[in-house]
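What follows is a set of notes on a single structure, which appears directly below.
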């Protein structure tokens, strides 16, 4: 059995809970306060008693108004209570006593009609009630007596008899309240449809708990003059509304201001009122205004997403259309909503498997790796420190290290295909194809001044050696010769010790090596080095014994020396071909060319001319008028004008091709050396030359290579060992010879830079501040002036303007044509920077035979010079019985009474020692001098 609390009954009565409880206690009910509960029977009795008392007199009107103002009645909407406006007391007094007389047939008929009615079908019943309420509100100020007489006469005309006290059929109009309906036994909880949630507030609305609902409009009502009799409430009918899904509760709204007693205007009850239920408070507006306001105040959370998106946005200035800011800017004045119904918020679960992959190319920076894994860079750095790697956020790590770090965070590393890898794939795709025969590439190697270039001159019938400074080759040269025996490409390499790298590159790009050995000189150092390079490259060697026309030529000695180096001649049972030549006398040149063709036939040299070009840089330089220029040896494919290529860290487009004679070429096939213009920079000699599909790919690859080179420099090991620490501490004592180096071509520059760096010793170091190809510029002068360096130019000369600037800045600029002259001057400059050394030389001995004491001077020893001579201001040692007592300087030297500059052997003299007076007879004075000796470069 359900129980009802007192404050719920107080709400039905429109009084405060405390006042209502006090009144019940005075009447003898056993309750303690407004929170006490009573059963349904007691609640019905309290309703009858209290309502009858309240209607009978006017003494409770003021208390009722106060209670209504303090506790406004609420209406249950969708499972929650919403405050309703309070009707002024005067209106309540006139309306609450209305009684309705309805025949039983009409009541039964209404019940039958109302049973199947749903929430949406209740509008016709509401429209029938509207005139009655409107009439009541309109005529509230009319006198009561005339109204009663008029209504009685109308009722009598319609029905002959009206009972004053109805106790059976219709005892009193049905009083329906939210609280009583909820607590009725067996009565289901009535919930309105969602579209009735918003309650219209009006200061002149009629209290829904005090107005009776007539069954039809043809029955007139009359105000009651007497209080109700205690008769029980009879339920005429109940409308079963569909139970709606319970929505999240919204905060209760409170009225913005208290109600004011003023004349109410005609109002229309809410169209959502159900039959037999309490009426909704009427809004003080016309039906048209009411409809528009209902549409405007429709619950937003009841709208569908499509309706909510189509709802008009906040109004701005007239004619202004927001096109760039979106709804966040336009709706900034609105109150934020509690949540978006249609927003699909993903739970904080793990990422999808497809998102747990990180693409890494060859390297990746720590910051990029952390960003792709969505973790802090400091955490990744901590992981790297745990692996023993000290890395910064901008430092790169390789793919293996990135894989270890990513695995700890649950990621998989996928290796991306870089442009560099794309070039490799492109090169592999070009492999195969139809190959045709090509001419051999022959490199001429040997010791300096053994006649390499002279042999080439004899073959080409040119005179290159005379044009070389000092008669030696200082550039790597490539020539294509068309001979009677066949076409041959020759690569001429320097023979000087400084050009080891050039000889190594020449051996790598060649098919056959011609080793030139002078018959009068034999095997030398660079000869042995050339043999090592050739054997390392697995290239066959043809020996040309040159200068056989000289008187002291010894061919057999050369063969013996070479046989010791695994180059046995064929006539001795070996596999090496020998040719005896004389370049100046044109002896043996044809036999040498035939040997070259024979070796080429044995190698079966072939290449595919239709594939993408692959070549090698033999030489590169920065030309003043043409920019970067490189000598390329095409190894495969056919190079044409307009081809895009990558060479080392640079890229470009073939804009012009020249042969070794300076003639323009349209294309160049395999084994053809050409000079290419159109590079973005000067490449290093030995770099690979690759033709790519387009300019975009070429630039991307060159940029990636440049970045990798820079990262390699920055990523050098920064760990300092104890030995390195001592080396750095001692570097302050090591002197430096700073050099700014300029050369005409890249290969010579590299060779000269390496040779200069090899001159460094423990005492003095050669430091190259800057090196580059091309002429000496103003920036070189300023750099040398700021760093106290010298400038060395190899095959380049400064202009008059640069010379004037060098004189102004006091910078030493030197130019050379022969490389070993430059190296000798650098060595002399290093020696000049060293501190000189001194050697001691004993010049004479003197024996003390007497002692004289001279005032203000001290003790003077009378000595006899036994050997050599004694010089003034020379050093002296005082020896007593072979033990050195003192080492100092001779203070005075006299012969008799005159000062002497020196005293020779066999003469007597007086010698005074500075700051030493303990001279005794028998001591030996040993005179010596310190001679300066020039310093030498150690190891």
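Glycine is no exception: its Cβ is also placed from the backbone N, Cα and C atoms.
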The residue range that Swiss-Prot labels region 'G4', out of 546-549, 550-553, 554-557, is 546-549
Checking feature assignment: region 'G3' per Swiss-Prot, candidates 488-491, 492-495, 496-499, 500-503. Which range matches? 492-495
Range annotated as region 'G1' - as stated in Swiss-Prot, picked from 438-445, 446-453, 454-461: 446-453
Which listed span Swiss-Prot calls region 'G2', if the choices are 426-430, 431-435, 466-470, 471-475: 471-475
From 51-81, 82-112, which range did Swiss-Prot mark with region 'Disordered'? 51-81
Can you tell which of the binding-site residues (449, 452) has the fewest other C-beta atoms within 10 angstroms of its C-beta? 449
Counting Cβ atoms within 10 Å of each candidate's own Cβ, which of the binding-site residues 446, 548 comes out highest? 446
Mean per-residue pLDDT computed across the region 'G2' (471-475): 42
In three-state terms from DSSP, label residue 452 (GTP binding site) for me. helix
